[in-house]
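A quick write-up on the structure given underneath.
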Amino acid sequence: MSFTPIIDAQGFAAFPAPAKLNLFLHITGRRADGYHLLESIFQLIDAHDTIWLRVRQDGQVIHHNPIENVPAESDLTVRAARLLQGHTQQQLGVDIRVEKRLPMGGGMGGGSSDAATVLLALNRLWSLNLSRQALMTLGLQLGADVPFFIFGRNALVEGIGEIMTPIETPVAHFVVLHPPVHVPTPAIFGDPELTRDTPSLKVALLEGRADQVELKNDLEPVAVRKFPQIAECIQWLSQYAPAKMTGSGSCVFAQFIADGAEKNASQNRANAVISCLPKEMTGFVSSTLSQHQLLDFASD
Ligand SMILES: C[C@@](CO)(OP(=O)(O)O)[C@H](O)COP(=O)(O)OP(=O)(O)OC[C@H]1O[C@@H](n2ccc(N)nc2=O)[C@H](O)[C@@H]1O
Ligand SMILES: Nc1ncnc2c1ncn2[C@@H]1O[C@H](COP(=O)(O)OP(=O)(O)O)[C@@H](O)[C@H]1O
């Protein structure tokens, strides 16, 4: 069923921008331009920002509540709206409000997802009818993770984030911890000690042999060395379940897979873990999404 937004008293419509977790992230090589080739499972989760949009007749794109330290002009929501406007010579504009909940610079793709949601929602609100592929190509100009959110399904991701194969992932709950550090992505990718030659596991994964291979985050050893707070969170969470970093950090997570026989078991286990969280740590529980809520806002 198609997503129907809530509309507030000022006429803004609310659209979700879900986060992702990298269930693993391997660096398999490096391109001539220095960008790294990845292999990763991107998992959509129900933790989300909310993007409030209201169509304007005068063509302006106005951000009503810029995030601290992110000027409106560089906010990915504004950049996404302007990019789409320019690409389609659209005369309409949009008012934007961002209800930010996702940790920024957390490796959960919040900014990229905000941008993807603007592209998908405006595709509908401006009656553009652009294809998913066209929106993904535009989105890649804004960031490597944007195409994934427009793709809208859990996926095995390759290239620098633009090659996607949909993949079935188990229903699960996650405990996500947010260490109080901002990890600079370029410094992690540029570190001389980063492993850049992990062999491809694509065949094993697509044949359903994930349990026979080691799934890690190659960026984690570098990030942990630079930021001991990440190591502390991994160590604490590892008491309960295997814990891993997502993306280039800083957030870390543990996965609790739902057991068909025991309803609510994965949620109960995740809730039990988060209830033990020391007061100096920040974290939350989130669950898998099977697909993006706005999946049908672009045609295949
Ligand atoms: C590694 C991922 C996985 O999701 O991390 P998170 O951003 O989610 O943490 C992303 O692909 C990150 O994408 P994104 O955060 O958009 O990175 P960008 O701003 O495009 O790149 C920042 C810098 O990191 C390096 N970089 C980034 C991506 C990549 N595949 N290879 C790279 O070498 C480049 O030096 C680039 O200039
Ligand atoms: N709408 C937005 N939400 C979050 N970050 C944004 C946004 N627009 C621009 N940015 C910039 O993008 C950076 C990375 O954001 P984010 O997507 O939250 O992290 P990550 O890529 O680690 O998941 C932020 O530090 C911020 O400077």
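Cβ atoms here come from the backbone N, Cα and C positions, even for glycine.
Quick caveat, the model's predicted, so the values are computed rather than measured.
Noted in TrEMBL for the protein shown:
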| type | residues | note |
| --- | --- | --- |
| ACT_SITE | Lys20 | active site |
| ACT_SITE | Asp145 | active site |
| BINDING | Pro103, Met104, Gly105, Gly106, Gly107, Met108, Gly109, Gly110, Gly111, Ser112, Ser113 | ATP binding site |
| DOMAIN | 76-153 | domain 'GHMP kinase N-terminal' |
| DOMAIN | 216-280 | domain 'GHMP kinase C-terminal' |
Looking at the recorded positions Lys20, Gly107, Ser113, which have a C-beta within less than 6 Å of some atom in ligand 2? Gly107
Within the domain 'GHMP kinase C-terminal' (216-280) only, compute the mean pLDDT. 95
Cβ under 6 Å from ligand 1: qualifying recorded positions of Pro103, Gly105, Gly107, Gly109, Gly111, Asp145: Gly107, Gly109, Asp145
For the recorded ATP site, whose residues are Pro103, Met104, Gly105, Gly106, Gly107, Met108, Gly109, Gly110, Gly111, Ser112, Ser113, find every other residue on that chain with a C-beta no more than 8 angstroms from the centre of their C-beta atoms, and list them by sequence position. Ala19, Leu102, Gly247
Here the Cα-Cα span from Gly107 (ATP binding site) to Asp145 (active site), rounded to a whole number of angstrom, reaches 10
Per DSSP, what is the helix/strand/coil residue tally across the domain 'GHMP kinase C-terminal' (216-280)? 27 helix, 12 strand, 26 coil
Return the residues near Gly111 (ATP binding site) by Cβ distance under 8 Å, restricted to its own chain and a separation of at least 6 in sequence. Leu76, Met104, Gly143
